[in-house]
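Peer 1: I have a structure I would like to understand better, so I am pasting it below and will then ask my questions one at a time.
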Amino acid sequence: MPEFVRVAINESLWEFPDIYEFVRFLGGGSFGQVAKVRLRGTENYFAMKRLMRPFEREEDAKGTYREIRLLKHMNHRNVISLLNVFHPPAHNMMEFQQVYLVTHLMDADLHRYSRSKRMSDQEIRIILYQILRGLKYIHSAGVVHRDLKPCNIAVNGNSEVRILDFGLSRMCADKMTDHVGTMWYLAPEIIFLRGQYTKAIDVWSVGCILAELITDRVLFRGENYVSQIRCLINIMGTPTREFITGISMERSRNYLEGYPLRQRCDFHHLFMGYDVQAIDLMEKMLEMVPEKRITAAEAMLHPYLRDLIEPHHHAEDTAPVYDQNFENMVLPVKCWKELVSHEIRNFRPDQLDLHF
């Protein structure tokens with residue numbers, strides 16, 4: 001049993017096993033704080049995340065359980081995986097107040113990476129293909145990410161990609177009513193509350209990311225909810241009757257039905273000078289009607305990416321179905337703590353292929 005050490009990091013007291021050495025603070029936010037650590041006696045570096053207030057409220061405790069369960073389930077080279085999870089020694093559930101996650105250390109997120117250099121078309125293709133591989137794997141588990149954006153995609157110097165941040169993820173059939181994620185990458189069915197959200201919302205986000213990678217600018221850059229709608233319609237045109245009839249809120253339907261008619265922009269004109277196959281794939285990802293939108297698996301077979309496919313990818317990109325029945329459970333914090341504690345106790349680092 002390793003000893004725990006206490007280290008003051010960014011005005012917070014961290015407690016972690018002495019097998020790790022603190023290197024430097026990487027950043028943080030409402031989700032938690034992240035530090036770079038080294039496995040003692042080696043040159044192996046990892047990212048250690050200290051969750052912020054993991055058990056403050058019932059929804060926080062449930063979110064902590066969700067994040068651990070999802071990360072434990074994922075085992076793919078293009079998706080962040082859980083390498084270790086622990087909490088400082090606690091004699092009882094009242095003392096159990098902190099949770100730490102250890103994951104792969106990546107050099108930068110895609111937002112910073114894409115702005116630090118001029119990316120070639122080949123590099124864009126390689127990065128996009130890896131995003132789609134990871135997304136296909138996530139979707140095969142029956143999970144929708146819901147918050148794909150450049151800062152939730154990590155990249156190493158060798159263009160290796162991993163999808164991050166499953167804090168908002170849900171099963172496909174979940175009927176969500178909140179607007180999650182950054183507005184600029186939200187699918188129109190989220191903005192207009194159109195029925196049940198499916199895997200298609202993530203594909204829309206990847207289409208927005210592709211547009212940003214090839215042009216170096218955000219495609220739908222709204223300043224607020226109303227301007228986001230205008231940005232969307234200015235490029236995509238007035239939603240069709242097929243799209244509008246699927247909207248559950250009468251107010252949203254009436255708003256769109258009364259909106260001045262506008263034709264969809266010609267993508268080949270809008271993106272003139274860029275790779276025509278990239279534009280064609282982007283159009284298929286940015287289809288307003290989600291039922292007609294290309295899937296991650298189909299996008300990987302598109303001519304823009306087809307030559308990157310390897311025979312073994314199909315098996316590697318398929319995950320076991322993820323059991324998320326707990327999402328329907330309403331429990332007090334104490335019970336969620338016990339479930340989290342059980343997940344931590346039963347985690348075995350060697351259950352993952354750590355040599356990706």
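Note that the numbers count up from 1, one per residue, in the order the chain is shown.
Note: Cβ is positioned from N, Cα and C throughout, glycine not excepted.
Relevant sequence annotations retrieved from Swiss-Prot are reproduced here:
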{"type": "DOMAIN", "residues": "20-305", "note": "domain 'Protein kinase'"}
{"type": "BINDING", "residues": "L26, G27, G28, G29, S30, F31, G32, Q33, V34, K49", "note": "ATP binding site"}
{"type": "ACT_SITE", "residues": "D147", "note": "active site, proton acceptor"}
{"type": "MOD_RES", "residues": "T177", "note": "phosphothreonine"}
Peer 1: If you count CB neighbours within 10 Å, which one among the binding-site residues L26, V34 has the smallest count?
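Peer 2: Relative to the other binding-site residues in L26, V34, L26 has the fewest Cβ atoms within 10 Å.
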Peer 1: Measuring Cα to Cα, how many Å separate V34 (ATP binding site) from D147 (active site, proton acceptor)?
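Peer 2: Rounded to a whole number, the Cα-Cα distance is 19 Å.
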Peer 1: Under a three-state reduction of DSSP output, how is the residue listed as 'active site, proton acceptor' classified: helix, strand, or coil?
Peer 2: coil
Peer 1: The domain 'Protein kinase' (20-305): mean pLDDT?
Peer 2: 90
Peer 1: By a 10 A CB contact count over all chains shown, which of the binding-site residues listed here is most packed: G28, G32?
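Peer 2: Most Cβ neighbours within 10 Å: G32.
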Peer 1: Rounded to the nearest Å, what's the C-alpha distance separating the residue listed as 'active site, proton acceptor' and G32 (ATP binding site)? Just drop the number here, would you?
Peer 2: 17
Peer 1: Once the chains shown are all counted, how many other Cβ atoms turn up within 10 Å of the Cβ of D147 (active site, proton acceptor)?
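Peer 2: Step by step: centre on the Cβ of D147 (active site, proton acceptor), count other Cβ atoms within 10 Å, giving 21.
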